[in-house]
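Student: Please read through the structure below; I'll follow up with questions.
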Amino acid sequence: MPTVEELYRNYGILADATEQVGQHKDAYQVILDGVKGGTKEKRLAAQFIPKFFKHFPELADSAINAQLDLCEDEDVSIRRQAIKELPQFATGENLPRVADILTQLLQTDDSAEFNLVNNALLSIFKMDAKGTLGGLFSQILQGEDIVRERAIKFLSTKLKTLPDEVLTKEVEELILTESKKVLEDVTGEEFVLFMKILSGLKSLQTVSGRQQLVELVAEQADLEQTFNPSDPDCVDRLLQCTRQAVPLFSKNVHSTRFVTYFCEQVLPNLGTLTTPVEGLDIQLEVLKLLAEMSSFCGDMEKLETNLRKLFDKLLEYMPLPPEEAENGENAGNEEPKLQFSYVECLLYSFHQLGRKLPDFLTAKLNAEKLKDFKIRLQYFARGLQVYIRQLRLALQGKTGEALKTEENKIKVVALKITNNINVLIKDLFHIPPSYKSTVTLSWKPVQKVEIGQKRASEDTTSGSPPKKSSAGPKRDARQIYNPPSGKYSSNLGNFNYEQRGAFRGSRGGRGWGTRGNRSRGRLY
């Protein structure tokens, strides 16, 4: 094996040869053999091999393999030097291979190495985006689990940093095509990341692009299958997919398939849903999603049937007034509970779909049923007025910091809920019922949000290797507003301020897209 002096001497031969470098194959071979030497020889080889690589195409495989040996050296400084120089090997047909190698090197736990690998990948991305994507997706589809995970996170965090001249329409089409292959077998967490990747592509910002994404989500949600409320994996899949679909819906991209599925398959099973996440009010979560989607529902095939299912579910949460004894006191032991959070969602959804069949209450219900509904509305409205007054009194004069306490935050949300229900009930009391009022759902921001705007999410953009996510999503403690006890004592329900989109579990541990474990070793 060559000494340091021999390496320098052969480096000099190549450096002085200028245009005739390719004639000194023996000198380059000496430098390649430097990877078999000691620490000093390896450091020199890591720098010299890439410098003259392009002049010796017949030694390309040997040169790349020599550099890879250095990328796996026990000495961290040698590894870092070798990784830093890898982009110089990314020429012509070698680029996809280098991209594949760099993708595998993402599995390092050394933060400096991880940074170098990221930078090297970005560097070759700018040389040839398609070739780089070939290497990345090759590992996502066939590589080890840790490599797959980090390659997906690389795409989800780094693609958006690349300029338009790199992410051309053709490149984005390749990303979509390859992503569809991956989506045939993914976990929930991976699915969320891919939706983040795809929804950020410029070519998918159009109406037709958004429609493509909705179809991808619908396919992932298995909307053709019968819903199994007792299977937490089935429930989790539907929730995750619907959360990804909601920001995509607009007046031009309809939610009809999802709303139909919720009305036909989920609402009838609402009380038997198995929660996939401990501490989550699964029924309220489902009703919130339905309410958000109902605004963008198009023409529905079985509108009357589904509206009736929604109406029947609403009645379950709109109690009749308690019977009074002869002395005027409540004959029962307990007042009915008024579940305002649930009613806001159901009433809003009914109000939205009712616009499409405005004579439902007057022509489709018999007189007795309509009378019963109005009694329930009236009773609920009376209880509502009591709480609205109590909430306004509790918040009166409070501004700034005073409104930021947890207790007052909950009361502010409670006031939004009760005000929303009040507006919707007034509409339905009209003769004939009206569907003209507009309200903003209590958990939605008041300011206008652009159609298709993505929800904020945490990025892995630091220079350190991503840490493994915890098994369960981080959620704020449930916040329940308990109004003062009295004639209309009730719970307003749970107010979850957490951002949606977290997924419980990882590949190999859950049924949704669980992938077989593979041990593949070095694939360079």
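Note: Cβ is positioned from N, Cα and C throughout, glycine not excepted.
These came from Swiss-Prot, pasted as-is:
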type: REGION; residues: 2-360; note: region 'ARM-like and Heat-like helical repeats'
type: REGION; residues: 370-391; note: region 'Leucine-zipper'
type: MOD_RES; residues: Thr399; note: phosphothreonine
type: REGION; residues: 452-524; note: region 'Disordered'
type: COMPBIAS; residues: 487-497; note: compositional bias 'Polar residues'
type: MOD_RES; residues: Arg500; note: omega-N-methylarginine
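I would like each feature placed in context: is it buried or exposed, what are its neighbours, and how far apart are things?
Tutor: Mapped onto three states, the DSSP output places Thr399 (phosphothreonine) in coil.
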Student: How many helix, strand and coil residues does the region 'Leucine-zipper' (370-391) contain under DSSP?
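Tutor: Tallying H, G and I as helix, E and B as strand, the rest coil: 22 helix, 0 strand, 0 coil.
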Student: If you average per-residue pLDDT over the region 'ARM-like and Heat-like helical repeats' (2-360), what number do you get?
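Tutor: That region's mean pLDDT is 94.
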